[in-house]
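A quick write-up on the structure given underneath.
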């Protein structure tokens with residue numbers, strides 16, 4: 001979500017830090033990265049632009065600062081999850097339980113970030129709460145048996161009964177997340193990821209992710225409508241900072257480097273944080289002057305008692321809300337969120353490797369990343385976050401801004417997440433953000449999620465009537481079915497209660513319906529690979545495994561026991577092992593349209609001659625590599 005370039009004046013500072021920390025006799029800032037012909041573009045970027053590449057270690061003070069910046073960037077998205085789910089779980093706005101859930105989800109995000117960056121893909125990727133889990137979670141909680149009673153009834157309950165009211169619902173989500181996430185663990189451990197990608201195409205992913213954002217419009221509207229003035233102020237500020245001022249850099253006061261004052265793209269890196277500070281301040285002024293009447297959700301003292309009632313320290317622990325309950329319908333519904341999150345993360349792995357100066361991730365790293373992400377979602381279910389975890393694209397974008405792709409920085413960010421999550425009042429402070437500010441942020445975030453889903457169509461021929469039909473029908477009918485199911489609960493009755501629940505939850509999840517329709521139609525309606533966008537899609541999702549094998553990046557190895565793993569032949573057959581050799585690469589169908597102007601070579605780099613082409617040897621061809 002962010003991009004840009006740091007001011008060149010700050011380079012001497014980073015150069016001095018690098019020289020201080022390691023030998024730079026060859027002047028190479030990325031000396032720890034092995035040379036490889038398969039990712040020369042990545043390494044060229046690292047040599048010329050990166051201050052610290054993936055295997056480099058910045059000074060400790062810079063590591064902490066950059067880690068805190070990643071923490072701030074991910075906190076907004078992660079904290080949004082409880083804001084959406086807590087009302088559906090019957091948790092009152094001033095209930096300290098909201099702060100506890102925020103602390104829990106931040107704690108688990110920190111743990112999973114450390115696991116992913118150390119033992120998973122070992123790429124500098126932040127893990128946090130996933131919006132992909134919200135839609136199926138709301139579909140589950142909207143079932144008749146989990147619908148919240150009227151507010152007057154909740155207020156009349158004893159504190160113990162009120163607590164049990166929401167804990168029963170979160171236990172239902174816990175069970176669904178744990179069991180559904182085991183599927184992600186399975187497909188990662190056994191290397192089934194590549195097999196799935198063969199059939200999951202851009203027109204499967206785009207409608208599913210787009211519906212993820214579109215189906216949450218009522219949530220954003222509900223929060224923003226509490227005070228449209230403050231919500232619109234929030235929306236306008238984010239737009240100004242993130243779009244109009246994204247290329248404006250502010251000077252860093254009281255700092256001189258080589259006689260010059262360095263500058264930093266503050267608006268581009270912290271648009272949400274700056275917006276919250278300004279909007280919150282405006283709410284405080286309007287509260288103090290009495291413009292906002294008592295009881296107005298925009299007042300800064302509306303939920304102030306959450307902080308006073310919260311403990312100073314809160315330590316999350318497994319099954320803190322009780323033993324999870326498991327129902328088939330909830331598990332099947334949650335599977336759509338698990339699969340969507342996994343697919344999104346695979347694209348993040350390649351983007352992160354490219355930006356951080358690493359070689360393209362080999363298949364064992366992809367398998368291990370999905371395996372570890374699945375384990376992270378299981379961990380989130382065990383601790384009771386009411387959500388799963390996934391890779392954060394925003395933080396990958398931050399690497400392109402700071403030009404620091406060090407793995408150590410992300411590990412520092414994970415550690416800060418854990419430390420701050422243990423401070424109970426720190427989590428409670430997030431709850432006190434006025435509701436219309438949250439609604440304004442949701443309007444921007446969910447719109448961006450929708451656009452990210454549609455961006456997967458960039459390689460698809462949008463002039464094709466076939467593709468227009470598949471995309472339009474998948475999105476539109478996904479909205480129709482999900483909205484109809486929400487308005488007509490229990491309309492489908494096949495005579496079996498468990499089967500009824502499964503069907504109702506799945507059809508209430510617009511993301512699932514749209515993805516399923518896109519998957520079925522795109523894989524059954526005839527279309528050429530070029531028309532379907534498979535050529536560019538495959539080029540984005542795969543690497544030349546032979547080249548990676550010849551130029552191994554040791555950064556993808558597990559940080560210990562590699563000698564033992566290399567000696568045992570069995571590990572060569574384990575898909576998540578760094579020595580795994582049976583790499584599976586999704587193949588593009590070899591039948592290509594005759595009208596294509598690009599010459600395609602399947603297999604080895606052999607140019608294809610086209611009849612009457614006088615420039616047959618000009619190298620204007622797209623190379624697709626496959627393995628057998």
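Yeah, the Cβs are placed from backbone N, Cα and C, and that goes for glycine too.
Bear in mind that the values here come from a model prediction, so they are computed numbers and not experimental data.
What TrEMBL lists as compositional bias 'Polar residues' is 26-40 (among others).
Annotation comment: TrEMBL describes 607-628 (among others) as compositional bias 'Polar residues'.
The region 'Disordered' annotation in TrEMBL covers 18-40 (among others).
TrEMBL lists 596-628 (among others) with the feature region 'Disordered'.
If you look up TrEMBL, you'll see 68-92 (among others) marked as transmembrane segment. Sequence-remote contacts of a segment are chain residues at least 6 beyond its ends whose Cβ falls under 8 Å from one of its Cβ atoms, and for the transmembrane segment (68-92) they are 98, 101-102, 105-106, 109, 126, 128-131, 133-134, 137-138, 141-142, 148-149, 154-155, 162, 165-166, 169-170, 173, 216, 219, 223, 269-270, 272-273, 276, 385-387, 392, 394-395, 398, 402, 409-410, 413, 416-417, 420, 430, 438, 441-442, 445.
According to TrEMBL, the feature transmembrane segment maps to 176-197 (among others). Using a Cβ-Cβ cut-off under 8 Å and counting only residues 6 or more beyond its ends in the same chain, the transmembrane segment (176-197) has close neighbours at 133, 136-137, 140, 324, 326-327, 330-335, 337-339, 341-343, 346, 363, 366-375, 377-378, 380-382, 386-388, 541, 575-576, 580, 582, 584-586.
Annotation comment: TrEMBL describes 228-246 (among others) as transmembrane segment. Within the chain, the transmembrane segment (228-246) has long-range Cβ neighbours (under 8 A, six or more residues past its boundaries) at 1-2, 4, 265, 267-268, 270-272, 274-276, 278-279, 282-283, 298, 434, 436-437, 439-441, 443-444.
The feature transmembrane segment is assigned by TrEMBL to 266-292 (among others).
Per TrEMBL, the feature transmembrane segment maps to 409-431 (among others).
The annotation transmembrane segment is assigned in TrEMBL to 437-457 (among others).
Taken from TrEMBL, the feature transmembrane segment applies to 464-482 (among others). Long-range contacts of the transmembrane segment (464-482) within its own chain (CB-CB distance under 8 A, at least 6 residues past either end) are made by residues 139, 203, 206-207, 210-211, 214-215, 457, 507-511, 513-515, 517-518, 521-522, 525-527, 531-532.
Sequence-distant contacts of the transmembrane segment (502-521) (same chain, six or more residues past either end, CB-CB distance under 8 Å): 132, 135-136, 139-140, 142-143, 199-201, 203-212, 214-215, 328-330, 332-333, 336-337, 339-340, 469-471, 473-475, 477-479, 481-483, 485-486, 489-490, 492, 494. If you look up TrEMBL, you'll see 502-521 (among others) marked as transmembrane segment.
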Using a Cβ-Cβ cut-off of under 8 Å, list the residues of the same chain that are 6+ residues beyond the ends of the transmembrane segment (437-457) and lie near it.
-> 1, 76-77, 80, 83-84, 131, 202-203, 205-214, 216-217, 219-226, 230-235, 238-239, 272, 275-276, 279-280, 283, 298, 393, 471, 533
